[in-house]
Structure formats: structure tokens, C-alpha cells
Amino acid sequence: PKKTKNVGLLFQWLSTIYLWVAWLRQDAANIVIYLPRQLSILEFILAVGILVVALGIILYTNGGTIQEIVTEKSDIQWSKAATIVDLVYGTILIVFHEWSQMPMSTTWVFLGMLAGREIILNFMTFRDLPYLETFRKVGKDVLLASMGIAVSVFIFILASQIYPDTASGI
């Protein structure tokens, strides 16, 4: 019925907003760690500008690469499954943001959650899809995220050269 569909759509929108708020809080906290404690107005505008442009690119490309990763997972196009994923992921991000002092990679948490979901669905539904195919999908995600880590390390090293007095750990 139409009313049920509208309620489902409302829950999907609310869960997506909840996830975006949690994700932006977590990623903003992770990013500001690498910035100097005192920013000039130009540095602040550049930092915020980079975040806005990156978010704009993600929205413009309808989720970009991460949406491709999500779409290839089992039954994720189903709105109830997507709503549950949004709620669980958003809650994980909020819990880590509030109770952990350590920065956390939102990408690894997300990929881990999707991988675990995919493996459990394959196992519990006894699908015809071989386990090797499921682990191939998961392995591809790990490879892509590992490339992201390499880029992050490069950016950290570059930042430590630009701001040698503020970089920690090297």
C-alpha cells in the first residue's frame, strides 16, 4: 500500500540523514587532527573548501566508487536493507566518535560491515554463489581500501614536510 511505502521512504531518508551526520562528524574529527592548532583564515577556507568540493564530487557522481561497491552487494538495493545498513553504520560511527579517543577510518568500518553482511548472507541463505566469489568481492574492497591507506600515508608525509613542527609520529 501507498502509506506503507511512504513510511518506508521516510525511514530511509531519516536513516540516510542520520548516517551522513554521523559520517561528517567522524570524518571532520579525523581531518582536523592533521591540521595545525592555529589556522589562518586562508588555511581554514582551503580546508573547508576541500571538504565541500570532495562532498560535492561524491554527490554529483551519485556516490561515486563507494556506491559501486555498495551496489554490487547482495540485496542492498532493497530499501529496508539499505535503511538497516544506514542505521547500523551511523550508530557505529556515533559510538566511536563519542567514546573513543582514537581516530577511526570510516571506510574500513563500512567495508568491514558490508563484507560481514555479504559473507553472512551467503552462508545463511545457502546461495548458489560460490564462497570464492564472495571472498573475491570482499578482497577487491580490501585492495581498494588499502590503496586509500597508501594515499593517506602519502598525504600525512607531505603534510609533515609542509608543517614540520606540528606533525606527530615521524
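Quick reminder: no glycine exception, Cβ is built from N, Cα and C everywhere.
Among the features that TrEMBL reports, transmembrane segment is placed at 7-24 (among others).
Here TrEMBL flags 44-66 (among others) as transmembrane segment.
What TrEMBL records for 78-96 (among others) is transmembrane segment. Listed as Cβ neighbours of the transmembrane segment (78-96) (distance under 8 Å, sequence separation of 6 or more from its ends, same chain) are residues 8-9, 11-12, 15-16, 18-19, 21-23, 25-26, 104, 106, 109-110, 113-114, 117.
Sequence annotations record features per position, and here TrEMBL assigns transmembrane segment to 102-121 (among others).
As annotated by TrEMBL, transmembrane segment applies to 142-163 (among others).
Listed by sequence, the residues of this chain that lie at least six past the ends of the transmembrane segment (44-66) yet keep a Cβ under 8 A from its Cβ atoms are 28, 31, 35, 110, 144.
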